[in-house]
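This report refers to the structure that appears directly beneath it.
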Amino acid sequence: MFSNFKKTTMVAKIIKRTLITTNSKQRIFKVQDQEDFNKHVLNSKEPVVIDFFATWCGPCKVLLPRLEKVIEEYNGEINLAKVDIDDNVDIAMDYGITVVPELIAMKNGKVQGKIIGLQDEDKLKTFVSKLVEAKTE
Amino acid sequence: MAPIVSSGQYDYDLLVIGGGSGGLACAKEATGFGKKVVVLDFVIPSERGTTWGIGGTCVNVGCIPKKLMHQAALLGESLHEARSYGWNVPNSISFNWESLVEAVQNHIKSVNWVTRVQLRDKNIEYVNGHGVFEDAHTVVAKMKNGKERRITAKDILIAVGGRPHYPDFPGCKEYCITSDDIFSLSTPPGNTLVIGAGYIGLECAGFLRGLGYEATVMVRSVILRGFDRDMVNLVQAEMEEKGVKFLIGKTPTKVSKQPNGKLLVEWLGNKVIEQGEFDTVLVATGRKALSKELNPLAAGLEVHPESGKFTVNAEQTNVPNIYAVGDVLHERPELTPVAIQAGKLLAARLYNGGKEHMDYDNVATTVFSPLEYGCVGLTEDEAINRFTEDKIEVYHAYYKPTEFFIPQKNVKNCYLKVITLLEAPQKVLGMHFIGPQAGEVIQGYAAALKSGLTFEHLKNTVGIHPTISEEFTRVGITKRSGEDPTPQSCCS
């Protein structure tokens, strides 16, 4: 909560973002702000799973690697947008986030499904596959 | 929920300045009665640049982080005691300050988030801006980015609370930290001087010592002013036995930074200047209400010339549509639950025909010193002043918590006191308790006191054995009798 502490985390964020974009063609990325959200989530051509998380949330930390693994299996067919609810309060409020982690499945800017809380890999697979199937409809 | 429309010529029915315990409680209650409410909350960074989220002092830099750090200290003590109960605890147990700070801050952030969600769910508008009065119905919210928003409301609630006061000596603002900073301090505090011996100073010194840091408390005159003297002496004794040093009758005169990075503190004591070197200096010499920052004159508000706080009648200020709750009130206890209760009752009176007023008497409280001190009602001195010595009875006892025997913990300072009227049925005026979990012990007795507890009731109550709280049902020795209040023991 120290101001310099915040600065370091911001720097870390920027570095992380660059690494992710170069390595995985933006399949998995962290949302920076509303503009970023509009551009890469709402207007995304691919379906997007939005992971609303908080840095202080233990279950969120457990969920993320499982989720990334499932998303990566889709080879770019589907994107994962990570939204830190403290950095993006308004986005979280707009989507009625109450408890984290919460996943929202989105296609063409429309919410296809939601799932709240820590999930096992099977549940995540089902959730993501439903979104992919929604694409072919 | 359908959007709520304000009922008159104003933007809102109620505008609350300050998103702390009192302000939020009143805001939530008011929307429950169908009112359109906006809450302004803004944290002016501390001298060291610390800021925090919504929720006010208690959640961010007060009760919550303090209790968590106190718990961290108690756990350290328990780890050592565990050995005597058969646990094989390695000799090399160590403590990591950064991990504690991270855990505490994560908890606070989660509470901040829950607060935001509650505001949304209750349809309360939240503005992250510093509220300044323009007139009795208009407040300008000044945002971080320099933007301003003018908001009007029929009623306005001032719930801005207070912030630590910096005493006036060279180097104070530059080098000292306060309770605003300690709970998010990014590096271990090390050898710490705490200036001020109110409950905040004692609690900070207590948990820092418990976490393994050297801690010294500098006291100008009295330790824990306003609390019962017998109890305070024991709190101090216990802290000293745990290694906290006390410098009594000293006033700081200067703090400067040494080439080695340490802080050199100079103080006046016994007409000579003395000095000492510390890693951290924490000032806890009282708190100052944030009333001036509101530009109160613009609304015609009067503040008390000495305290700078608002004098209220049933939470109403001298301006009829402006109310105040919490730590900005003159001569009212600065306690979160007091602010919450006052805020809720105020909303019920304003918007739901409520008649009940806040009762500021007999509010229980606890000092989370290493050995906790909980109390409700009058101190012995207050009882004597109010009723004279001849008209009161003081029952007292030292006691030995069962779980203290095996690890041979110090029982010398486990003490309690019940102050009653002398005349039957001996109405209880005050109860004081030093021991583990003092807050948990005293809370129930506070309800009893509210219900007109007498000493007779207490005597007729069957205790739960073996607990420490049951000691209140066993106490029978009066101070007047001169009998020894120490219990029998097998050894020591």
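First residue shown is number 1, and so on along the chain.
Glycine too: its Cβ is placed from the backbone N, Cα and C atoms.
Fair warning: this is a prediction, and the values are worked out from it, not measured in the lab.
Long-range C-beta contacts of B:H465 (active site, proton acceptor), restricted to its own chain and to partners at least six residues apart, with a cutoff below 8 Å, are absent. Look at B:H465 (active site, proton acceptor): DSSP puts it in coil. What TrEMBL records for B:H465 is active site, proton acceptor.
Feature annotation from TrEMBL assigns FAD binding site to B:K67, B:G131, B:D327. Within 10 Å of the C-beta of B:K67 (FAD binding site) there are 17 other C-beta atoms, taking all protein chains into account.
Residues or ranges marked as NAD(+) binding site by TrEMBL: B:G196, B:A197, B:G198, B:Y199, B:I200, B:G201, B:L202, B:E203, B:G286. Long-range Cβ neighbours of B:G198 (NAD(+) binding site) (same chain, at least 6 residues apart, Cβ-Cβ under 8 Å): B:L224, B:R225, B:A284, B:T285, B:G286.
There are 17 other CB atoms within 10 A of the CB of B:C63 (disulfide bond), with all protein chains counted. B:C63 (disulfide bond) falls within a helical segment according to DSSP. The disulfide bond annotation in TrEMBL covers B:C58-B:C63.
TrEMBL lists B:12-343 with the feature domain 'FAD/NAD(P)-binding'. When pLDDT is averaged over the domain 'FAD/NAD(P)-binding' (B:12-343), the result is 97.
Sorting the domain 'Pyridine nucleotide-disulphide oxidoreductase dimerisation' (B:363-473) by DSSP state (H, G, I as helix; E, B as strand; all else coil) yields 37 helix, 31 strand, 43 coil. Feature annotation from TrEMBL assigns domain 'Pyridine nucleotide-disulphide oxidoreductase dimerisation' to B:363-473.
Every protein chain considered, the tally of other Cβ atoms within 10 Å of the Cβ of B:G131 (FAD binding site) stands at 26. Cα-Cα distance from B:L202 (NAD(+) binding site) to B:G131 (FAD binding site): 33 Å (rounded to the nearest whole number). In the three-state DSSP scheme, B:G131 (FAD binding site) is classed as strand.
If you measure from the Cα atom of B:G131 (FAD binding site) to that of B:G196 (NAD(+) binding site), you get 31 Å. The local packing around B:G196 (NAD(+) binding site), expressed as other Cβ atoms within 10 Å of its Cβ over all shown chains, amounts to 26. Put simply, B:I200 (NAD(+) binding site) is 15 Å from B:D327 (FAD binding site) when counted between their Cα atoms.
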